[in-house]
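Positions annotated as domain 'RING-type' by TrEMBL: 16-58. Taken from TrEMBL, the feature domain 'B box-type' covers 144-180. Taken from TrEMBL, the feature coiled coil covers 209-287. What TrEMBL records for 342-538 is domain 'B30.2/SPRY'.
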Amino acid sequence: MAAALSLVTLEEELTCAICLGIYTDPVVLECKHSFCRACIEEFWSGAAPGTYSCPECRAETSERPGLEKNFKLASIVQKYLALQSSQDAVLCNYCTESPLPAVKTCLKCEASLCPIHLKHHRENSVFKSHSLTELTTDLSLWKCPEHQKSLEIYCKDDKVCVCSLCALVGKHKNHNCSSISEGEKELRDHLQCQLERIRSNTEAVQAALNLHHKEKQNTQSEIQEAKCKVKEKYKLLKKSVEEEERKVLERLENEEKRVTEQTNTKIFQLENQLKESETSLAALTSVLKKNEELVFIQEFHSLANRLKDVSEPLIPPATVSVVDKSILEKLANWVQKQYDAVAQMSSQRDRNFLVVMHGQTPSLDPDTANPKLILSNSNRTVSVSDRTWPIPNNVKRFDLWQQVLGSEGVSCGSSYWELQVTGSEWWGAGVCYGSLSRKGGGAECLLGWNKKSWILRSWGGLLTVRHNCKEIKLAAGMASKVGVFVDFEAGVISFYSVSGSNLTLLHTFQEQSFPESLYPALWVYDYTKPLSLCDLKQ
């Protein structure tokens, strides 16, 4: 009570006489009265010039006084405000004078305890069974709402805390109950078990995460090493090709130099002969123009010896050396042979390369399969039945043509897949857009007979390729396995005959671009031979 009165008195002393509030930035006048800086400045702003007075004692001055901050008063105000804010804290119920802030609440005593009384409370054997909780002023949370008694019993059946009356005569009578401490221990043990399981799972996840990080690093290292090896091999290959190119060009340059030197020598000789002939011709013409007999005879004899050499028939120049065509032919044949070898690699590519780089194992979409088709082997094998199966119709299903599409399309990059057709002479394999029509027997639904599909087809053992109703017959014979390659960005669709590890190019369609995803597409006609998509992941 005394503490409360002292705080009220202190608040009065710290109140500004102008705003009647606690001082804010207090300043002191010459008369030693203090006011808020903003309050006194506003008060003087309304006064007549030359009359400045203290609002409290009315002491006047003709000049506006300087305002000095009252540091002592400002410090007292700051401490008072801090003390006032601490009044909201819960105080100890056992402190008789100057109560200290409480730190715990005893549910049994229904009292809040400061650190000193909490220590006494714990050391006294009488209070050892009392339940202590975090500081609170609302004890209703710890009382039974029905009987207003402390919650001392834990009902295991309903998983709630109840009072003793609830357990004896209330709605929790005959329930499996225990004391609060026992219930707390049981729940804590249960929580500890869960904690251990979660910790164990966390450790397992962390170990798996570490393993995956390590695998990632190892994979990156292996791939980086593989990249270096590939670059080195191709560097050597490129160096070898460039060396061969250099030697061929050097041989051609040497041949050009030889022919040029020989030709230049002959040209020089002929040019000299031409000059001598022209000089003699001019001299002879000049002599012939002489009309005096004596002069003519004298000049004739002076030219006789030179005319003798010039007038003799010219010896035909030796045949001019020409390029050794046999060398050019040999070089051209050798270069062509090297080019053919590279071209052969393109037409008879190594199957393993395509499988490793772009190999896929597509599965067929049952929702697109014609009702006569039967899918098996994880939807990778398709066969024809002699009956129409009663399966649900949908917009994706081919209702007349015996066709089926793959489950996933190609919308970027490259993709390669294979189809086993051993023994069958009636089949078709290719790709199409997902927007290909499915209903009816028109050309808009049949693979290869429209702009939306490309197909390699065996018709009685004769291979053809077809797109947009245009058919091209192929010279290749029957195939037991075919490969389909798509380079989406390049607009390429290629069909191969697969034999062991070799691929023989059958045909390539080159389009400007593909506006839609391309789906694997099969046409099945042979009732005795199934078609199977090959598993390229093995």
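Using the three backbone atoms N, Cα and C, a Cβ is placed for every residue, glycine included.
What you are looking at is a predicted structure, and each value in this text was computed from that prediction instead of being measured.
Beyond its flanks by at least six residues, the domain 'RING-type' (16-58) meets 64-65, 67-70, 73-74, 77, 80-81 of its own chain at Cβ-Cβ distances under 8 Å. Note: the domain 'B box-type' (144-180) comprises 6 helix, 10 strand, 21 coil (DSSP; helix = H, G, I, strand = E, B). Averaged across the domain 'RING-type' (16-58), the predicted model reaches a pLDDT of 87.
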